[in-house]
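The structure appears right after this line, and notes come after that.
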Amino acid sequence: MARFDLQKLYIDGGYSDAGSDATFEAINPANGEVLAQVQRATKEDVERAVVSAEKGQKIWAAMTAMERSRILRRAVDILRERNDELAALETLDTGKAFSETQYVDVVTGADVLEYYAGLVPAIEGEQIPLRDTSFVYTRREPLGVVAGIGAWNYPIQIALWKSAPALAAGNAMIFKPSEVTSLTTLKLAEIYTEAGVPAGVFNVLTGSGREVGTWLTEHPRIEKVSFTGGTDTGKKVMASASSSSLKEVTMELGGKSPLIVFEDADLDRAADIAMMANFYSSGQVCTNGTRVFVPKHLQAAFEAKIVERVARIRVGDPQDENTNFGPLVSFAHMESVLGYIAKGKEQGARLLCGGDRLTDGDFAKGAYVAPTVFTDCTDEMTIVREEIFGPVMSILTYETEEEVIRRANDTDFGLAAGLVTKDLNRAHRVIHQLEAGICWINAWGESDAKMPVGGYKQSGVGRENGISSLNNFTRIKSVQVELGDYASVF
């Protein structure tokens, strides 16, 4: 029997039964427990959600900027009041350690919402003089109804990253969470309603991306799609959005990010950064720095520091506050990661630690994969070329700065990059040559609400967070005013 009641759709300010009896299971990856049965939205449900969103958006957009700002701030307060409850649910649904979800997932999502709530009154146009008797003014107007499609690794945070700027700009959003982790997004919908967001302004449709996601991207009255997920799926989303009605898209996609350790780096700091860039959230972070480049003569020393730190990882029940490394998000994803580890072994990478599923005791019930480090890796290996999205670090060696820049950029991805050095001249010189949208110097992973996030190459289109994201949920209308006489050529 499931732990929670049947999870329904959230449409028009409340829970609503789907148009069919079809459901799917929400599974706790730490032990295989069925958390809930979740309804699958139908195409008719998508239409209901769009109609509801259109109605709610008109009410929402007609409010003053200060009214919208106050309502969003109330939602921030409720999120923070319910932080531990939401974090515990996120841990059950994703397998992420409570020590992480309690301090990161809801907290940073609320920070983003608070940031955009403060920017609502700052949405403004320009006045452009043409001549003494004429001028132009511009208006930033909401797009209307937009869609958000989330990934499974940061469910509530991603829902907030997408909905916060969308709602701040006066839009309504229909959000489809990942089929793997749907539960906390439904709670977010409750919170928006409790805060005073009009019915229909934030609807949640659960179901598969192949069905619900496609129906949203193809819908002619949805003006924009904001998607987070894999690159292959992102290409399909972009094609569908453009072919249906030339929708705008924002996409945060896959990565295979380089972390470069230079010869003057503090190796302890470099090892700490590499650990965070590979094993935080059990390695399920799109920006992870999984290609770790180290000078050849420092390889052995660096490897020793990594092995020492891996031994300190506290793998365990994610609900235990002492645990800092939980299971992967699902058993299917575990098999995918284990497949990549097998390829690493087959292709000649040297295994430093990990490399298998954890099966001792209660671990056997869950989707646990040991923190894994390969070294002596080469650029053509599958584990170096493809995104694994799991706890697998690949160590590569290099000789010169020019070589490592070239090899770091030798990828179809361009989401993130980082380097560790004491030489600030080198730091800026190299970072400016790395083909990535998010870069860190002597750090890794922090993404403040004010910081635009997005990728180069096949890692994405557009940016999330920062002022640019708010602007991208508006469209500019130019209005010319003529105060003088008007002369026709006819």
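Keep in mind that glycine also has a Cβ here, set from the backbone N, Cα and C atoms.
Together with Ile27, Asp93, the K(+) 1 site in Swiss-Prot holds one more listed residue from Val180, Val197, Val201, Val204, which is Val180. NAD(+) binds Gly150, Ala151, Trp152, Lys176, Pro177, Ser178, Glu179, Gly230, Thr231, Asp232, Thr233, Gly254, Cys286 as Swiss-Prot records it, and from the list Glu44, Glu47, Glu387, Glu399 the residue named for this site is Glu387.
Taking CA atoms as the reference points, Val180 (K(+) 1 binding site) and Trp152 (NAD(+) binding site) are 6 Å apart. With all protein chains in the displayed structure included, the most crowded Cβ environment within 10 Å among the binding-site residues Ile27, Val180, Leu246, Cys286 is that of Cys286. In sequence order, Thr411, Asp412, Phe413, Gly414, Glu435 constitute the residues six or more apart from Lys457 (K(+) 2 binding site) in its chain with CB-CB distances below 8 Å.
For Gly460 (K(+) 2 binding site), the number of other Cβ atoms no farther than 10 Å from its own Cβ, over all displayed protein chains, is 28. Take the recorded positions Glu179, Glu252: by the count of other Cβ atoms within 10 Å of each Cβ, the lowest one is Glu179.
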